[in-house]
Every structure is written in C-alpha cells, then in structure tokens.
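Copied over from TrEMBL, here are the features:
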type    : residues                                                    : note
DOMAIN  : 3-340                                                       : domain 'Aminotransferase class V'
BINDING : Arg41                                                       : L-glutamate binding site
BINDING : Ala75, Thr76, Trp99, Thr147, Asp166, Gln189, Asn231, Thr232 : pyridoxal 5'-phosphate binding site
MOD_RES : Lys190                                                      : N6-(pyridoxal phosphate)lysine
Amino acid sequence: MKIHNFNAGPSVLPKEVVKKSAQSIINFNGSGLSLLEISHRSIDFLEIIEKATFLIKRIMNLNDDYAILFLQGGATLQFSMVPYNLMNQEASYLDTGFWAHNAIKEAKKFGKVKVLFSGKNKNYTYISTNYHIPCDMDYFHCTSNNTIVGTQMKIFPRTSIPIVCDMSSDIFSRKLDFCQFGLIYASAQKNVSSAGMTIVIVKKNILGTIRKNIPSYMDYKIHIQNNSILNTPNVFSIYTSMLTLKWIENQGGLSFLEKNNQKKAKLLYDEIDQNNLFENKIHQENRSNMNVTFFLKEKNLEKEFNKMWKKENIVGLDGHRYLGGYRASIYNALPLESVQFLIEIMKEFERKFS
Ligand code: PMP
C-alpha cells in the first residue's frame, strides 16, 4: 500500500535508509550483533561517526576549521547551549516564528537579547531583510526555515560577528555557502535521521571566549575534545544519519536536491495559487520549499477535504495545532509523485466543490 507521508517531523526518510537501519538492529554489518548491542567506543561505531563527519564536511564543503558534533537534547537544548557558549553580554536574534521565539526566550536567561526583527504581529508570514546587525553583539541568531508557518530565509545577512543558524527543518535541502556561518544546528528528525540526535557544526575559533564556567555537557569544546562520545550517544540515530548522508551523495548532493525541492514546491504553490478553494498566506519571496502551508478559503469545506485526502492514504497534512489549516512537508525524501498525487486530490476537490 502506497502511503504519501507529509508529516512535519519526524517525517519521511529514504526507503533504503529505513530498510538498512532496520537490518542493522537485527544484525549489524554481519557481526551477529545488533547495532543496539555494540559499544559506542568500539571500532565499528567510531568508524560510523568518522564517516558521518567526513560526509557532512564533503557535502557542505567545509574544511577543518569546523567541528561536527552529534549531540542529544534536540534543537531545544541548542537554544540554551548557544548562549551558554557564545554570549558574554548581548546577542541579536530574528523572531521569525515559534521556534525562533523559543530560542529568544532561552537566550534571555543568559544575557541581553536584541530582537532585530519580529514577524509576530504579521503572524510570521514574512521575514524582513531590512535590519541592521550591530557589530558589538556576541553573535547573530536566525532560523533558516520556520517549520510551523512555512517561511524560509533565502538570503543571509553579511556581518563580522558569528552567524548562528537553526537549520533543523531545511539542512541538506539546498546549496549555501556554509562558511558564512559560525555555528549551525539541526535536530535530526527531518532531512537527516531518526529523532534523538542533533548535528552541531561549529567554527572552532568562535569558542573559548566566554567568561564563565560551562557544565561539561553544555560545553562544545568538551564535546569536540571527546569526539561526540563524552557520554553514550544515540548510536542508532548517528548510524541512520550516516546512511542518509550517503543517500544524499548518491542522489547527486545538494545541487540535485535543491533543484528537486524547488520543483516540488513550485508545483504545489502553483496549484494553491490557481485553485479557487485554497490560499497560502506567506509572502511570495519567503515561501518555504520544505513546509508548504495552506488554508481553505471556506472553512466549512474542511470536513469534506479531510475525508477526501485521508481516504487516499495521505498522512500528516494537518496544519500545526497553533495554526490550523494544512501543511505539506515536502522534505528531501518525499517523492515528487506524492506531491503530484496531492495536487490531483486538490484539483478533484475543486471540481467537486467550487
Ligand atoms: N527548530 C526548528 C526549526 C524546528 O522545526 C524544531 C522542531 N520541529 C525545533 C527547533 C525543536 O526541535 P527539537 O524538538 O528536536 O528540540
């Protein structure tokens, strides 16, 4: 049975990655042991971390100035780990959505936060580029893709201070100059792997300037010294991420995925724009290529539309509980045919009800 999985996260993963990671739980690399039964300090596991690190650097074109970490605590822990390691006095943030807002809330516990732009009073439907980053800030924090409302930063500002970016919902989806960032973090459950692991990519020379004691687990430098195995890591999630990174390269890397993601998103936005029954509320230039949100113009048709897509084995199309409406998350592993299928359903709905 074909299921079209539009879940926002945890979400669709490449079939071959799911299959291989499932096999590894029964018998890892023909060893007769499960991946879940081997030591995180064994040669076999160290090879996995090494391979995943190597692949991230190659895919993102990063040199050894950057360290790659595989941590726990989700992106949520990064909301405090970032200021713990980088904030002496004051940092600047963009308030572009629910998660960005949470990042700001946590950072305020560590020092002063200057919010350079907030989209809150416009329901986060656009992201301004019209702000100035003072150069005396400790860092600048932004969220590249706002998973709930469906906006995406298409350009990043130029600044002399470190740019910290939450890429949880669009990492590995497009080509960027990743060297412009001082620190990137992404929790795993969308384009990378199973939940329970966060990738942190940090330029080593931005660390070590902080004038306070940092608890060991919260200290990036200690994780770098310990090669992400300060404590027992999420072995399964790291293995699955390594498989996904291999899949990304086999697909043709970020250039291919970017083109494919643009194609899927354009098809869907075009349909929403021309369909009489639906609308998208995001400013054109900020529409996300990962999370496409849309609403019925007439709310009373909701029951009928829900009945229709649910009957067709489409899952995960409900909008976020704060927002309502619909959200099609079309991450890297979601096939083009699923987008085409959803469009057919929307067309059929229009034929029946408009
Ligand atoms: N930032 C963004 C952009 C997200 O989409 C999410 C989760 N969906 C988070 C942060 C929080 O991640 P976690 O649940 O792993 O802490």
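Every residue number used here counts from 1 along the chain in the order it is shown.
Every residue gets a Cβ built from N, Cα and C, even glycine.
Candidate recorded positions: Arg41, Thr147, Asp166, Lys190, Thr232. Those with a Cβ under 6 Å from ligand 1, in sequence order, are Thr147, Asp166. Cβ neighbour density within 10 Å is lowest for Arg41 among the recorded positions Arg41, Lys190. Separation of the C-alpha atoms of the residue listed as 'N6-(pyridoxal phosphate)lysine' and Trp99 (pyridoxal 5'-phosphate binding site): 15 Å, rounded to the nearest whole number. Taking the Cβ of Trp99 (pyridoxal 5'-phosphate binding site) as centre and 10 Å as the limit, one finds 20 other Cβ atoms among all the protein chains shown. Maximum C-alpha to C-alpha distance over the listed pyridoxal 5'-phosphate-binding residues Ala75, Thr76, Trp99, Thr147, Asp166, Gln189, Asn231, Thr232 is 30 Å.
Between Ala75 (pyridoxal 5'-phosphate binding site) and the residue listed as 'L-glutamate binding site', the C-alpha separation comes to 25 Å. Ranked by Cβ neighbours within 10 A across all protein chains shown, the binding-site residues Thr76, Thr147, Asn231 are led by Thr147.
DSSP assigns Asp166 (pyridoxal 5'-phosphate binding site) to a strand in the three-state reduction.
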